Amino acid sequence: MGAHLVRRYLGDASVEPDPLQMPTFPPDYGFPERKEREMVATQQEMMDAQLRLQLRDYCAHHLIRLLKCKRDSFPNFLACKQERHDWDYCEHRDYVMRMKEFERERRLLQRKKRREKKAAELAKGQGPGEVDPKVAL
């Protein structure tokens with residue numbers, strides 16, 4: 001995800017979303033049937049598993065299962081391959097989804113800027129097909 005840094009510093013920063021901030025557009029904008037993502041693991045389960053704050057994400061339920069498996073089969077560290085795979089795959093899907101959300105936010109910001117520019121041109125009287133009076137003379 002380094003391309004956003006280059007576009008942010010060298011390109012137009014007004015249409016590039018800040019990756020550290022929450023999205024400015026509602027998640028169901030353009031998707032009326034879209035459901036909100038829900039955490040599978042509850043706050044109490046994450047506290048009981050003593051997960052650090054950095055690990056409390058949408059894949060925490062897989063991590064809790066992995067840590068439990070590691071604890072239950074301690075000497076045999078290879079016994080938890082499936083749990084590890086499930087957690088890694090969930091983290092990958094979460095990363096891809098966040099990148100898609102970032103790209104969606106960037107495109108919506110570009111669209112908003114284009115619409116504002118078009119509205120400003122129409123308000124000035126220089127819409128498509130119209131000629132500025134100074135140019136017509």
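The first residue you see is number 1, and the count goes up from there.
From the backbone N, Cα and C atoms, a Cβ is placed for every residue, glycine too.
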Disulphide partner cysteine [Swiss-Prot] for CYS69, chosen from CYS80, CYS90: CYS80
Matching range for Swiss-Prot feature annotation, region 'Disordered', among 13-37, 113-137: 113-137
Distant-in-sequence neighbours of the motif 'Cx9C motif 1' (59-69), which means Cβ under 8 A and at least six residues beyond its ends: 39-41, 45-46, 49, 51, 79-80, 83-84, 86-87, 90-91, 94
Tertiary neighbours of SER73 (phosphoserine) (same chain, Cβ under 8 Å, six or more apart): ALA79, CYS80
